[in-house]
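Per TrEMBL, the features are:
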- 63-84: transmembrane segment (TRANSMEM)
- 69-234: domain 'Glycosyltransferase RgtA/B/C/D-like' (DOMAIN)
- 91-110: transmembrane segment (TRANSMEM)
- 143-160: transmembrane segment (TRANSMEM)
- 172-192: transmembrane segment (TRANSMEM)
- 198-213: transmembrane segment (TRANSMEM)
- 225-250: transmembrane segment (TRANSMEM)
- 270-292: transmembrane segment (TRANSMEM)
- 304-325: transmembrane segment (TRANSMEM)
- 331-350: transmembrane segment (TRANSMEM)
Amino acid sequence: MITTRRAAPEARRLAWALGVPLGLLLATLVLRALGFVNAVIDTDEGLYLVQAREWLRGGWPLVAVWDMHPVGAPAMFAAALAVFGERFESIRILAVICVTLTSWALFGAVRAAGGPRLLGLGAGLVYAAHSVRLGGLASNTEILFAPMVTAAMALGLHGAARALRRDKPPEWWALAAMGLLIGCAMAIKPVVAPEGCLAFALLVFPALWRRVLPWRRALAMAGAYALLCLVPSLVLAVAYWLHGALDAFLDGSFLAPFRYSLGRLGPLDSFHRILVTALTLLWPLLLAGLALGRWGARGGTGGLLARIALLWFAIGSIAVAGPGFFYPHYFLIWLPPLSILAALGAWRLAGMLPQPWRRRGFAALVAVVVVGSWRADATFRVDRGIGLFAPDPVRQVAAEVRARIEPGETIFVVNYHPAVYFLAEAGLPTRFVFPAHLTGKEFVNVAGMDSDAEVARILETWPRVIVIDRGWWPRLRETVAAMLNEVLGRDYELVAEVAEERGPVEIWRPR
């Protein structure tokens, strides 16, 4: 009987240990399934796809294909293509893995603070469901670095709880893991730096306050942490230096993001985008308000989680606002701390039920929030019908191009999705394949080169196919539009059109 009684809790712990990640993986697959329908959800991911493809063929990111981000995202894309095959579904699988890991890390963060398993599972599910909103169904940078940042925050929470409850100093292994996690996240996008600082503060400051960590050791930890955060970028810098392309690495990873941040939205446009985001995340925000009203000024596990999640949300807001443009996917940085607060709010509401119904009530509330978020995104995508009830125009354009070229032949995608290069197995006419950097109006100075001269050079090479989106034609610079009108009228003929939501996409080839 004693053996049986001891075995039962062990079996339950094993079931939770296996069931949580597997359950989160299954839920994430279901919630993000519609992402596998469209070849392109966000234009950015097409650029990372092209960078990854070229890297697998020996052309390094920023050298063969330029961008204004570090190379972490194309590195993850390249790994996904290498493992799952060179097709767009591979990056959707990558996003599923990243969201699952982030959800699992949120579960770990709640458990590290002493919260119940069900609360942690609820936080993970809320995150997975809302990761499909705000452009998060795409395999974008905020989805890619979220598991690293969230795992680092979970380690910070673990250190804070150790110091506050057991008078234990932070452990070096936790610091090392946290530093490398934040370092890898910074190699994807440096905006995570404020959250990295918060993770370190959680690990160290409570121990200093409780006087279980000497100042000398704390300073040594600060130096070690800073170095560890730099290690991934330093390794990449050395690799590029050995490759003879350190200048390209420094420009794309650091100087170009700085140039990008110099242009910012005005107050009214910024408020507009923040308001739309708040309405999109209305239910999690309302539940977060309930959580803060109940535990914001109290002690215990609920108070610790609520205050740290609120601080995390505030620090994350610095990362959201830093670039100055407030694109929807920037706000995905809010989701991990907001998911913890939303789960706490649901826990508060469920606590108002009779004791036997509280766990079921919490599960029901989380289910309503999860299904509601998924339904809002799914309704929009089913209504559009692309890839479901109507052809996917991006794949149609790629098929039209592929039918007219040999693999590797050069094409020029003027103002459409860069993913066409990948899907059509086409060669690149330039290292600047992102339309906003090359032919657009708004970010023409970010790349730090003469865009008009580069467009003229491309046209002189006679690309085998030129792709033009007439719906986005007004976004072209006037100088580029004039060059194209002259060259197309003189040397090219229109051979196909594909209907897009904004208007036709034209495929031109030499006469």
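Cβ coordinates come from backbone N, Cα and C, glycine included.
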Is the transmembrane segment (198-213) close to the transmembrane segment (63-84), in the sense of at least 3 CB pairs under 8 angstroms with a sequence gap of 6 or more? no
When each of 91-110, 143-160, 172-192, 225-250, 331-350 is checked against the transmembrane segment (270-292) for Cβ pairs under 8 Å, which one has the most? 331-350
Model confidence over the domain 'Glycosyltransferase RgtA/B/C/D-like' (69-234) (mean pLDDT, whole number): 95
Let me spell it out: take the transmembrane segment (331-350), skip the flanking residues so only those 6+ beyond its ends count, and list any with a Cβ under 8 Å from a Cβ in it. 102, 105-106, 109-110, 119-120, 122-124, 126-127, 130-131, 134-136, 140, 142-143, 146, 149-150, 153, 191, 195, 277, 281, 283-295, 302, 305-306, 309-310, 312-313, 316-317, 319-320, 357-359, 361-362, 365-366, 369
Top partner of the transmembrane segment (198-213) among 91-110, 172-192, 225-250 - counted as Cβ pairs under 8 Å: 172-192
Given the transmembrane segment (143-160), which of the listed stretches 91-110, 172-192, 225-250 has the most Cβ pairs that are under 8 Å apart from it? 172-192
Using a Cβ cut-off of under 8 Å, list the residues of the same chain at least 6 residues beyond the transmembrane segment (225-250) that approach it. 60, 62-63, 66, 70-72, 175-176, 178-180, 182-184, 186-187, 196, 200
Near the transmembrane segment (172-192), which same-chain residues lie under 8 Å Cβ to Cβ, leaving out any that are not at least 6 residues past its ends? 69-73, 75-76, 141-142, 144-145, 148-149, 151-152, 155-156, 158-159, 199-200, 203, 221, 224-233, 236, 254, 257, 319, 322-323, 333
Do any residues of this chain, six or more beyond the ends of the transmembrane segment (91-110), have a C-beta under 8 angstroms from a C-beta of it, and if so which? 20-21, 24-25, 27-29, 32, 35-36, 45, 48-49, 76-77, 79-81, 84, 116-117, 119-121, 123-125, 127-128, 131, 137-139, 143-144, 146-147, 150-151, 153-154, 157, 305, 336, 339-340, 343
